[in-house]
C-alpha cells in the first residue's frame, strides 16, 4: 500500500482525492488546503486519516510515501523542493512551474534523490489514445507522416483564472504538446502559430489568445497540427488523427451516449460530453493507479518530469512563435531561462 498526502483540494485535487479513496493500492492519509470549508467537505466525503490547513504537516509526515501537488502553479516549486528534501515521491499537476529553469532544477533534484516524479498529463492514460500509440509502435500505421489534434473547451475560463494561467499554450495546449510527443514517439523540433482573441476580446487584456492553430514539425520531418479554442458551444471537442504510410488511425469525440436516432429525414446522434472530468474519467483513474504501481515497484513513471519539461518548453516556444510571428525552433529554448507572463 502507498500512503498518499494530497496538497490542494480544489477541482483537480478533489478529483484525485476521490480516485485515491477508491483505489485499493493507496491509502488516503492526509489532505491539506487553506480552505477549511473544502477540507470539511473532503473529510466527510472521503475520510482521509487527517486533514490540515498546513502543507508542512504532510511534507514532514514520516508515514507518507508520496504527495500529490495540486496547489496553484506558483506554489509548485516550493512544495516540490520540500517533498524532495523529505524523500516523498511526487505526482505534480501541470505545469511544473512558470519558470523553465526552476522546472529543470527540481526534476534533476528528484532524479538525484531517486524519487518517482510523475506529471499529470492524464491523456496518456486514455484507452483510445493508448491504442493509437500501440498501433504506431506495432507498425500498423507505417511511418508516421501527419498528426492532427483538435482540443476545444466548451466555454472560456473566468478572467481571473486567465490572468494567472500562464496563457493558452502553458495552460491548455501543454496537454496537446505532450500528446503529440506521446503519439509520435519523438520530440517537436519547430512550432509556428496563428490565432487571436476570437471568442472574447478580454483575452487581449492579459496578452493572451483564445483560439490557435499550431503547426508542428517533428525531428523526423513529420508534421502536425493542433487546433485549440476556449469555446466550443457543442461540448468538449477532443479528436485525434495519426496518418502514416500504411493508413490512418482516428479517435472521435466521446458522446454523452452512443444512441443514434434514425428517421426518414434525419439521423441524430448525441453531442460530446461536457468537459474534461467526464471525457477523461478513466484516464484520471488509470494515471494514479500507474503512479502507485511505479512507487511500489520503484520503476519510472509513465509520464516523467522530463516529459513535463519537454511539454513546457514546447509551450514556451509556441508563446514566442505567436508573439514574434515566426517559426521557433524548440532547441533554441532548451538552454534559456524564460518565464511565462
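Glycine residues also receive a Cβ, built from the backbone N, Cα and C atoms like all the rest.
Positions annotated as domain 'Gfo/Idh/MocA-like oxidoreductase N-terminal' by TrEMBL: 2-121. If you look up TrEMBL, you'll see 129-249 marked as domain 'GFO/IDH/MocA-like oxidoreductase'.
Break the domain 'GFO/IDH/MocA-like oxidoreductase' (129-249) down by DSSP state and the numbers are 36 helix, 44 strand, 41 coil. Residue counts of the domain 'Gfo/Idh/MocA-like oxidoreductase N-terminal' (2-121) by helix, strand and coil are 54 helix, 28 strand, 38 coil (DSSP-based).
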